[in-house]
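Per TrEMBL, substrate binding site is recorded for A:PHE40, A:ILE41, A:ILE42, A:VAL43, A:HIS44, A:ARG111, A:THR311. Taken from TrEMBL, the feature heme binding site applies to A:HIS297.
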4 protein chains.
Amino acid sequence: MQRNTTPCYYTDYLQLDKLLDSQHPESKKYGPEAHEEMLFIIVHQAYELWFKQILHEMRAIYQEFNQTAIPDEALGRIASRLERIKAIQKLLIDQIQVMETMTPLDFLDFRDYLVPASGFQSIQFKEIEIMLGLKSKFRINFDQASFYQRLNEKDREHLQGLENEPSLFDCVEKWLERIPFFEYGDFKFWDAYHDAVNKMLDSDQAIIENNDYLSDNDRAFQLKDLETTRASFSALLDKASYEQLASEGRFRLSQQAMLGAVFINLYRDEPMFQQPFRVLTALTDIDEHFTTWRYRHVIMVQRMLGSKIGTGGSSGSDYLRQTTENNRFFKDFFSLSTFLLPRSALPELPEALKKALNFYFHPAD
Amino acid sequence: MQRNTTPCYYTDYLQLDKLLDSQHPESKKYGPEAHEEMLFIIVHQAYELWFKQILHEMRAIYQEFNQTAIPDEALGRIASRLERIKAIQKLLIDQIQVMETMTPLDFLDFRDYLVPASGFQSIQFKEIEIMLGLKSKFRINFDQASFYQRLNEKDREHLQGLENEPSLFDCVEKWLERIPFFEYGDFKFWDAYHDAVNKMLDSDQAIIENNDYLSDNDRAFQLKDLETTRASFSALLDKASYEQLASEGRFRLSQQAMLGAVFINLYRDEPMFQQPFRVLTALTDIDEHFTTWRYRHVIMVQRMLGSKIGTGGSSGSDYLRQTTENNRFFKDFFSLSTFLLPRSALPELPEALKKALNFYFHPAD
Amino acid sequence: MQRNTTPCYYTDYLQLDKLLDSQHPESKKYGPEAHEEMLFIIVHQAYELWFKQILHEMRAIYQEFNQTAIPDEALGRIASRLERIKAIQKLLIDQIQVMETMTPLDFLDFRDYLVPASGFQSIQFKEIEIMLGLKSKFRINFDQASFYQRLNEKDREHLQGLENEPSLFDCVEKWLERIPFFEYGDFKFWDAYHDAVNKMLDSDQAIIENNDYLSDNDRAFQLKDLETTRASFSALLDKASYEQLASEGRFRLSQQAMLGAVFINLYRDEPMFQQPFRVLTALTDIDEHFTTWRYRHVIMVQRMLGSKIGTGGSSGSDYLRQTTENNRFFKDFFSLSTFLLPRSALPELPEALKKALNFYFHPAD
Amino acid sequence: MQRNTTPCYYTDYLQLDKLLDSQHPESKKYGPEAHEEMLFIIVHQAYELWFKQILHEMRAIYQEFNQTAIPDEALGRIASRLERIKAIQKLLIDQIQVMETMTPLDFLDFRDYLVPASGFQSIQFKEIEIMLGLKSKFRINFDQASFYQRLNEKDREHLQGLENEPSLFDCVEKWLERIPFFEYGDFKFWDAYHDAVNKMLDSDQAIIENNDYLSDNDRAFQLKDLETTRASFSALLDKASYEQLASEGRFRLSQQAMLGAVFINLYRDEPMFQQPFRVLTALTDIDEHFTTWRYRHVIMVQRMLGSKIGTGGSSGSDYLRQTTENNRFFKDFFSLSTFLLPRSALPELPEALKKALNFYFHPAD
């Protein structure tokens, strides 16, 4: 690294001449400028700046993930970048409060000039969705039918090209499938896990059956619940059942990847799994933040537009509401807790495996 | 007011001996204390403290609202207290992020000890809901069927008593119905409004029909949308149509109250309507914050419990999800924007009425 | 208002071609792009976008304030716009958390290329400061000596021109000076206030002198404090004392304006003072938010740069620390509480005056 | 783990009978209850609940840190708990916004009844400070002189006992001093570091001396700055200089601990240092959050009390202001950036050392 040899000026560095000359209210073309249109423009531009930053981080994360073996040095970096995305998402959510200082009556002053522009047309946001794994086939009908045909040639080709590349979802899935410790010497983890699950559920069943304080109704309810739990565990471990559930849309990750994620969650205290656990947590948080942002958006649009149509000619808040649940990227991670065992019931890992999961150098040695 | 004559000590004043001795983890009864149970207790206790504060404010607001004529001095106070409730709600929402530092695996260490306790049993939160206007008949089936029978005698009677009193919703509705300026001398506001609406929609229609850039499809779409808009306005102004929609659950406020709310929104700049507008906005925000809080809660529960049942034996996240949309208090205010006119199309109020809406003293006089 | 006749597209409307092509990392000129420089650029660009929005609101507020009589219709609008500025400031503060996801080691990868660019060079932020009333003479030495000479000709002239116009501070001061009700018929408010103050302080003194539980030390302490309080009240009411304190920098508002602010605070429940009180509160909040933002900035810079110098060649965090306390706009409003009386001790306003402060139309009449 | 055999009820579990009966406004003793006193009580009680939670986490962290060798399994847990404290601190900071919905005039309605109670008397907060390392000798005079004598016997002894135990600061210092890799085989890290520093500074000096664009003034300024930087690095590496600076209060950590912290920061990407880096970052954030909280507090108190004295008889906002800078726990970590080198200038670690810092098991092997 070296010092620069020509001076760097703030205004030039940030290209403020361009940046601050990019706000041209549409209302001005038809009469006096609507005071509130500036806010509308700037809120959306701020979104786009942050989308650019999110994409910048996602591409860097993708490059590290998209290798046959991810070096351990990389995981801390990946986790930090995912956590940065989370920090940015909080801003995106908080920005809604700024937008909401604009009242519906204010919005009416320029709303009709914007037809048919709509936030649904943000190319960068679609890029984020596609990179995270939301390919066309997962989109709701409205998007499938009308999104691509509204784009110009260049943007359409750009996004369709992106759909053909592996997404971050795909890379994460492959990484989880590679987790190597399910069998280590004589130790077969999933057998031990299966035994532990059965032992726990049998003991639960005995308690419920013998608990005198329970009414018959409550006992029946709890036993039925136990059966559901038993069935959930079986589905995870049985390839055929899992694939059946996956085909019904209950899972998107492969069984092997899901098992990897469960394993990391159960043994997250082992040094080698501390960062992978942090990465999984961050991916789950990112999914949660996006769905929160969409939900806040739904409510804001509902309030701003009432039962009229959105600026893009679509049925605004209804469309958005559907996407809150449909456009989830890592929803499978929200099911992980179904497959966890309390630490007290967890199979103990053999010493050799514990050593393998620890550092080469041991101060205590 | 006078000075106190005996000294006041911090620890005694805040009754910290009681407050800080109210955390007794259930896990300790069955073995070593689960470290994370303290967080679970304290998060819920903090919620309850804030619920107490919200109720304190709501009762004060209710007392001011529950008069045949609300003195103008009171409106600023009401608005400030509503805004305080908003500030507290933001804390409630932010607290979820603290709760989420507990992972599902941590929760497993004590979850089963809590059966059948559940957050659905917060009496204070039910009080808040009832005071805001969510009477039993509006609740989803689960609540209707099972909520009251789980309570002990005392709590059940307390809540049922509360249901029989007018709620804040009722008071707000009455207050809006009393807005006195729809007819002032010869001026009949709703006739003028009706004319303005028709004029605006006719002009829109002409533009759409003559706009050559529109495809036939788009033109048809826009004309159909115009018809919907026309129908919405008619429904507001026609008593029979309105009541039909109300009986279908589309509105909860009476037509007269809805008209009052529209009027305040349209003329919110008039001095006399500045505070009422602020009050309506705050009520809308409070509704929005509660639904946001519920939604965040849904996602957190989904993540914590997976597809297992909630601690209260109910189907956790599904139940909560239903309440996000059902348990809305002032959802009608989210439809107001449907009935607004751009300021440029708004009927001008007669001078005498404008004067009536202003202050007695005029510096310019 | 009319519908637009040519369609409006999202990407064009927001000028995304320009906006998203304004990020050109300096590091790229000297070698491989430093990954983190993008964040640095985007954080600062987002600041600048929001500064533009703040200026947009401030100019609108200024126009309403800068009249010989502010119509009552305007005050609600002014308050809402000030509250929007507050909402934006919260974003500015929250953005620091995003910036802090960049570690000092990351910053080193490109820091030296930026010399001598520095955030101190944001023209828009200086505009905000000047419009709020921070003229050169109030700035700390560093700013006075070196700020203007670093600017290019155009920017320097622009800012100096702005300094010669009345600021928002000036307009607010004039508005407060005009508050008309200090004398109304026979009623002389400040005499009544003076009497009330003396009565309250005399009663306090008697209590302290006769309170047996107090140690001699504590009694002396409390009596001394009472004297200070008495002196504060005198200073407010006596023109000469006030001007003396003002010349020492203890006050910036004129005595007349300060009296106006005290009056509004004391009688804020009267309908006519509800909005002015909201305006004063918002101005105080804005001052508080800016000082908070500066403080968070100080700590971040301290952490990022250690004891090295800032990117602009100035002593970074020390400079910023001085500005947190010096560059306050409405610090006088933080002293208002010194001059308040408990409601129970407040002089009752005569009926005629109360009527003048209420609305023309009274439902009860 | 086993299921509970007796049911657990929400209200009993949270001890709501006690919790919700701990709010007894002092104003009620002297007349009608001041409406706003409830908020004052609840805000402070919520603080105390969260302080209890912070202490709960700190004790668990302390137990893990207070061992001669911290097992690697523990570091992820420590980092998570520190991050939970951060999440709670954000709530503490946000709570100020709720407190600020109370205006100074409202506070006057009950302020005098609270004398001499004061937030400075929170025993739990003092415990947090002491556990973090703020022993009496580091406190400002006001605290040293008057804090302990105001406490009752029991509380005084409790806190003084705590002062005699090693604090978290002490444990962190010892842990950093134990970092074992400064010499590894032939490799002497600090020699390599010293060389790298000199090489970088010599190159910088040449550039500055030969840069024609620089004015003589600027060149002199930059060269002087370079000397300061050189001196900073020397001070770190030279025991005598370091101890001199430490005795002047410039450092609180021992030189050996500071070197450990620098090393972790420089090589944080190595698997073994990823969690230690996360721990250091979290400790730094916690310090930053506390100082932010104090600062927000200063401003709020200034606004609430004006220039009058605080409720505890101390000079409120001035006292608090001093503590923002004095009561820092890990301020040394804010100087770390002074001692970092850009990655490009960093000494390469020998292969054997890199292996020692990685995991025992290598997928690639």
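Note that Cβ sites are derived from N, Cα and C of the backbone, with glycine treated the same way.
Spacing of A:HIS297 (heme binding site) relative to A:ILE42 (substrate binding site) is 17 Å (Cα to Cα, whole number). Proximity to chain C, defined as a CB-CB distance below 8 A, holds for A:ILE42 out of the binding-site residues A:PHE40, A:ILE42, A:HIS297.
Packing around A:ILE42 (substrate binding site) is summarised by its Cβ count: 23 other Cβ atoms lie within 10 angstroms of its Cβ, all protein chains included. All chains included, 22 other C-beta atoms sit within 10 angstroms of the C-beta of A:ILE41 (substrate binding site). Of all Cβ atoms in the shown protein chains, 22 besides its own fall within 10 Å of the Cβ of A:ARG111 (substrate binding site). A:HIS44 (substrate binding site) counts 19 other C-beta atoms within 10 Å of its own C-beta, drawing on all protein chains shown.
Packing around the residue listed as 'heme binding site' is summarised by its Cβ count: 21 other Cβ atoms lie within 10 angstroms of its Cβ, all protein chains included. Sequence-distant neighbours of A:VAL43 (substrate binding site) (same chain, 6+ apart, CB under 8 A from its CB) are A:GLN95, A:VAL98, A:MET99.
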